[in-house]
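K.L.:
Positions annotated as active site, nucleophile by Swiss-Prot, on the basis of sequence analysis: CYS85. Per Swiss-Prot, the feature active site maps to HIS193, GLU195; the stated evidence is sequence analysis. According to Swiss-Prot, the feature domain 'Glutamine amidotransferase type-1' maps to 3-223.
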Amino acid sequence: MKFAVLVFPGSNCDRDMFNAAIKSGVEAEYVDYRETSLSGFDGVLIPGGFSFGDYLRSGAMASVAPIISEVKRLAAEGKPVLGVCNGFQILTEIGLLPGALLHNDSHLFISRNEELEIVNNQTAFTNLYEQGEKVIYPVAHGEGHYYCTDEIYQQLKANNQIILKYVNNPNGSYDDIAGIVNEKGNVCGMMPHPERALETLLGTDSGVKLFEAMVKSWREQHV
């Protein structure tokens, strides 16, 4: 398995994403936003940061980058796509995930570890966690308030697309939502950073199982 780690101007978590992929036992390669092909890749990791300086709004300019059409193609083919923080914002901008990310209710940038609950462990991203398991991931965002209409929220609940919730909601997200998947279950977006939760020495290794779950799910289908 080989992951593409996208790099935009202003990305600052691409190295963490790369290391997370390698730690899970697969290959990874950085891919510049100006590229027009993701041939040879089995999945996509869209890192956090401030793509294009977050001008217009977070993820807006990245959403029209040349590489995005290939991200959509891989998603349509059922390949795993994970967007974290700014990556989640980009996935909502390009329509691969519903909803939007708004300014935190506090209007402050929040940077700290947060306790989260796995509320759906039947996905390609969470199948190594226990249902209801509590995990610790770092958060680092100013626009992490997940918002959606009541209609979309009901669809998310009906389709079991909400996978991760905050225990102590730090940003005002609708129903404490921290992470979701698309209906097919192969595209995932979350504001917390599992790629920064790989070492107990640094405070938490709760993120290890998320990347291992992605690899496990892919191998079950292809090996």
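Positions of Cβ are set from backbone N, Cα and C atoms, glycine also.
Quick one: how deep are these features, and who are their neighbours?
P.N.:
For CYS85 (active site, nucleophile), applying a Cβ distance below 8 Å and a minimum sequence separation of six or more within one chain yields CYS13, PRO47, GLY48, GLY49, ALA140, HIS141, GLY144, MET190, MET191, PRO192, HIS193.
HIS193 (active site) falls outside any helix or strand according to DSSP and counts as coil.
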K.L.:
At a 10 Å cut-off from the C-beta of HIS193 (active site), count the other C-beta atoms across all protein chains.
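P.N.:
A 10 Å sphere around the Cβ of HIS193 (active site) contains 23 other Cβ atoms.
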K.L.:
Taking the Cβ of GLU195 (active site) as the reference point, list residues of the same chain whose Cβ is under 8 angstroms away and which are at least six residues distant in sequence.
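P.N.:
Spatial neighbours, sequence-distant, of GLU195 (active site): CYS13, ASP16, MET17, ASN19, ALA20, PRO47, VAL84, GLY207, PHE211.
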